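Feature annotation from TrEMBL assigns Zn(2+) binding site to C86, H89, C157. The domain 'GTP cyclohydrolase I' annotation in TrEMBL covers 9-192.
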Amino acid sequence: MADVDVARIERAVHEILLAIGEDPDREGLQRTPQRVAEAYADFFGGLAVDPLSHLRDAVPIGENEDGAPATSDAVVLRDLAFRSVCEHHLLPFVGTAHVAYLPGDRVVGLGRIPAVVETLSRRPQLQERLTEEIADALVAGLDPRGVLVVLDAQHRCVTTRGSRQDRSSTITISSRGALAEPAARAEIIALIGAVPAERAGEGSQAPVAAARAAALPDVAGVGDVSGTADVSNG
């Protein structure tokens, strides 16, 4: 996809200033079209980047001593800051992403996951679609046994216009494979701490401890989540 056309955006912003009754040539606005165009080039720079390019250097996990393919417990990255732009009003939404996956045969450096989130965020987006696209990219790029993505964001189109709910936030969840199973999903969401445990299992009221004791051993490879990783340490 072509790079952002900065000159064209500058001309459009100049027209917007005229349309609202402003003087684009007055002091304070003379460089506004340029500034807005540069900001948009940054906001939407992900359109020209393939998110799968960040996952191409994934490495094999290896084999156990008996020659069988090795497996890894869940890899969880919490509190990844992200920012995007709502495609309906071109206003920002800003929040936190939590990403977990159960590796199949390959793993990727921890810094690659935030790069996928950033690339897909730097586009005109809907939070619901962004959540799905992050999960889809990890499935396509890593072929994991399971994926879970949680986004928690505040939308400026809600906090600064319309209903003006300045304390409102939106949580969206997407899961694939083994992490779409209610018990495993509840375990990882409880570990992340993004959603109360009683809501994490899609309506299940079972305590997380019970899920850990009874259900998780049945989900291949989830088991102990002591192998989780925090991106701040990577």
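Glycine residues also receive a Cβ, built from the backbone N, Cα and C atoms like all the rest.
Those TrEMBL annotations? Automatic predictions, nothing curated.
Computed from a predicted structure; not experimentally measured.
Features per TrEMBL, on structure.
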residue	record	Cβ neighbours (10 Å)
C86	Zn(2+) binding site	18
H89	Zn(2+) binding site	14
C157	Zn(2+) binding site	16
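Neighbouring residues of the recorded Zn(2+) site, listed in sequence order and excluding C86, H89, C157, comprise V85, E87, H88, L90, L91, F93, H155, R156, V158, R161 (Cβ within 8 Å of the Cβ centroid).
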